[in-house]
Amino acid sequence: MKPRTLFEKVWDRHVIEQEEGKPATLYIDLHLVHEVTSPQAFAGLRLHGRSVRRPDLTTATMDHNVPTIHRSQPITDRTSVAQMDALVKNCQEFGIQLYDLDSPEQGIVHVIGPELGLTLPGKTIVCGDSHTSTHGAFGALAFGIGTSEVEHVLATQCLQQQKPKTMEVRIEGMLSPGVTAKDIILAVIAKIGTAGATGTVIEYTGKAIRQLSMEERMTICNMSIEAGARAGMIAPDETTFSYLRGRPKAPSEELFSEAIADWKQLVTDDGAIYDQQVILNASDIAPQVTWGTSPGMGTEVTNQVPFPEHYPTESEQKSVRRALDYMGLTPGTPITDIQVDRVFIGSCTNSRLEDLRAAAQVVKNRQVSPHVKAMVVPGSQQVKRAAEKEGLHHIFLAAGFEWRDSGCSMCLAMNDDSLGDKERCASTSNRNFEGRQGRGGRTHLVSPMMAAAAAIKGHFVDVRQWEPTIEEGLG
Ligand SMILES: CC(C)[C@H](C(=O)O)[C@@H](O)C(=O)O
Ligand code: SF4
């Protein structure tokens, strides 16, 4: 048999029907649902008198609109209330499991899927949400779909899909201390651009990727979409299996070794060919900070804000000028001279336990700069409880951070958590578009450690030079 890539194997396992030159019909193993992109889909089902084909393969949570503070009080935003109420009603009517606002398992859809063990190697996973790519970290084929497709999947458990091309992003070597998975993916996007992987499914390979934990792998796959890719995948291995073992929705202990035997097949065969390939060395990657209004407009913390005139084409110069204007930045300014007003540690990119641990390590025994307002928003209520069990909340609260309930929060400011006009934020999220975190707000994408350090110093700093607490005599 012809050697195949990981993507091709998972794809082939799910094609129900494919006519030459036409989109394939794929079977969907897991459909995740949230309150923003589902109301119209359910309304469509009702209109046509249809039911949900496989409620048992469908799971819902509320995350985008939910308040992250004072949860027992009424929510004032009418759209949020309408969307959340609709989800409750729809899940009841159609028999779908919902992790609602009061559920101890509530959280960002891309955080709770893996956490519950719903996300498994080899599955096809869809959700009306672009960052569904996160789940590819387990060797699943996971991608975002539009609301009409949500309706289609609800009704049929299938999806029409054009076969994407493949791209290998190989990260060789080893990361230096202070450099994280977030820096890898920001560096990849800075290199290939936000359209660099358009029409492809990326597979991340190489020694640096194999050494990452599952949470770090999720950070990488999460942002595949910001490089234009349809999805990102990482072949499952022992790290994957041990993460999944014992999770409530993962195969039970009796079936687990059988599952592993199957999952082990999900690797790219020797001799399989990717349509495109990009290679980076992890040891060349430094902590990244974005300076512009797209995730590709980023650089190393040791660099300066770029000069528009250094870009080769007129259109690039124009977009850089516009970005710098919006961001209120002067070319040539060292990144470390940029002062921040706000710090947001959260989002489906960087709100899991290891992210909070990394940030807390930087924050420990220090104080948030007096002119900075900083918050930590755990990705799920389970992450929140786990962090509290380790006492991480004490570290953040003592430093002056706010410690919130879980949700998307200031990643996209659909709830009350938002930036004011011209407020500048160091954010661990994945998008820095104009107005993303609030009208006129200015977003710099960074890793959790970099965000934590910016909160303490009031400006960006190179975390590689962060002194251990003990040596500063503060501990
Ligand atoms: C609201 C939703 C449709 C959107 C997405 O698909 O990505 C959101 O999650 C985002 O991150 O912008
Ligand atoms: S945390 Fe942000 S990126 Fe992730 S699903 Fe929510 S809004 Fe989208």
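From the backbone N, Cα and C atoms, a Cβ is placed for every residue, glycine too.
In TrEMBL, annotation is done automatically, which means it is predicted and not curated.
From the candidate list Cys221, Cys348, the residue TrEMBL records in the [4Fe-4S] cluster site shared with Cys408, Cys411 is Cys348. DSSP assigns Cys411 ([4Fe-4S] cluster binding site) to a helix.
Long-range neighbours of Cys411 ([4Fe-4S] cluster binding site) (same chain, six or more residues apart, CB within less than 8 Å of its CB): Phe344, Gly346, Ser347, Cys348, Ser427, Ser429, Asn430, Arg431, Arg436, Gln437.
Under the DSSP three-state reduction, Cys348 ([4Fe-4S] cluster binding site) is assigned to coil, being neither helix nor strand.
Each residue in the region 'Disordered' (423-443) gets a DSSP state, and the totals come to 0 helix, 6 strand, 15 coil.
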